[in-house]
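Please see the structure below; I have some questions.
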Amino acid sequence: MFRGSIPPLPTPFRRGRLDEEALRRLVERVVQGGSHGVSVGGTTGEPGTQTLEERKRAIEVVLDQVAGRVPVIPGTGALRLEETLELTRFAKEAGAQGAMVIVPYYVKPNQEGLYRYFAEVARTVPDFPLLIYNIPGRAGVEIAPKTVGRLRRDFPNIVGLKHSSKDLEYLSHLFLEAGRDFLVFCGLESLTLPMMSLGAVGTIAATANWLPKEVALLCEKALAGDYQGARELHFHLLEANEAIFWDTNPIPLKTVLSWMGLLEKEWRPPLGPTTPEVEERLRRMAERYGLLPKEKEAA
């Protein structure tokens, strides 16, 4: 099923509207770079600033551009269950291969509430693979391994989880509760290799928008058991992985992608541009990785 590098695409805007041409360019960059899948509408895509219709259109554009070459796994979670159900049904009907549903944010539900929330999503699309998106730093709550295990036993279409936390002990308990064949993806760029050494099958890393070949190769080496080769790539990618978080994601990501000519340097409020100091750090990082056009390097 799903494995390897599945880049979470940023949502490109131009004068406040979805820039479909830029989104298609991003798809081509990561697919031609060897990525094993594509995700749209996750944290990197600023979904909380978009209407459901905008999110649906982004899914349609990505599916059309990918054209079946790799799996597409949109983020379909929202705060309101009804919106999550609508967007998840839409993703399935549009032809996506699965969906990633974030732990509901802000309201800080208890574990029984989380179980019932994900159970309703799973019942609504019973033959559609679902990944739970565990991101306690944004959601304000973490879904417990026991809750995930319960969901996995009750709903076979809950096939995996994206883990966006530095807590590696969580993974050990997760595999014990949900099974060693549960599909875990790393959601923190610099922890891809550590998580894969514990049994994760890949990464959903924003860095792969900058360096798709390198991130895909790291995953391939780890999956093949070539941990020496994977370690070399881990250290090679470390600065880029850390740079994603020099400001709120996706601000650094979009800043560098704009210099690369792939999209406009534009976000939806309340996000805004980073500081000149961070921009200078990003410019030096991008130069070291060979990401900038020659004229930008000389500027």
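Cβ from N, Cα, C; glycine included.
Positions annotated as active site, proton donor/acceptor by Swiss-Prot, on the basis of sequence analysis: Tyr133. Look at Swiss-Prot and you will find Lys162 tagged as active site, schiff-base intermediate with substrate. The pyruvate binding site annotation in Swiss-Prot covers Thr44, Ile204 and is backed by sequence analysis. Under the heading site 'Part of a proton relay during catalysis', Swiss-Prot lists Thr43, Tyr106, citing sequence analysis as support.
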Taking Cα atoms as reference points, rank the recorded positions Thr43, Thr44, Tyr106, Lys162, Ile204 by distance from Tyr133 (active site, proton donor/acceptor) and give the first.
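The smallest Cα gap between Tyr133 (active site, proton donor/acceptor) and any of the recorded positions is with Lys162.
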Taking the Cβ of Thr44 (pyruvate binding site) as the reference point, list residues of the same chain whose Cβ is under 8 angstroms away and which are at least six residues distant in sequence.
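Result: Pro8, Leu9, Pro10, Ala206, Asn209, Asn249, Pro250, Leu253.
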According to DSSP, which of helix, strand or coil covers Thr44 (pyruvate binding site)?
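Reduced to three states, the DSSP call for Thr44 (pyruvate binding site) is helix.
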Compare the Cα of Ile204 (pyruvate binding site) against each of the recorded positions Thr43, Tyr106, Lys162 and report the nearest.
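Nearest in space to Ile204 (pyruvate binding site), counting only the recorded positions, is Lys162.
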Work out how many Å separate the residue listed as 'active site, schiff-base intermediate with substrate' and Thr43 (site 'Part of a proton relay during catalysis') at their Cα atoms, rounded off.
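That separation, Cα to Cα, works out to 12 Å.
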List nothing but the one residue from Tyr106, Tyr133 whose Cβ has the fewest other Cβ atoms within 10 Å; the candidates are the recorded positions.
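Checked Tyr106, Tyr133; of these recorded positions, fewest Cβ neighbours within 10 Å: Tyr106.
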Sequence gap of 6 or more, Cβ distance under 8 Å: name the residues on the same chain that satisfy this around Thr43 (site 'Part of a proton relay during catalysis'), in order along the sequence.
Pro8, Gly75, Ile102, Ile135, Arg138, Ser164, Asn249, Pro250
Within 10 Å of the Cβ of Ile204 (pyruvate binding site), how many other Cβ atoms are there?
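There are 30 such Cβ atoms around Ile204 (pyruvate binding site).
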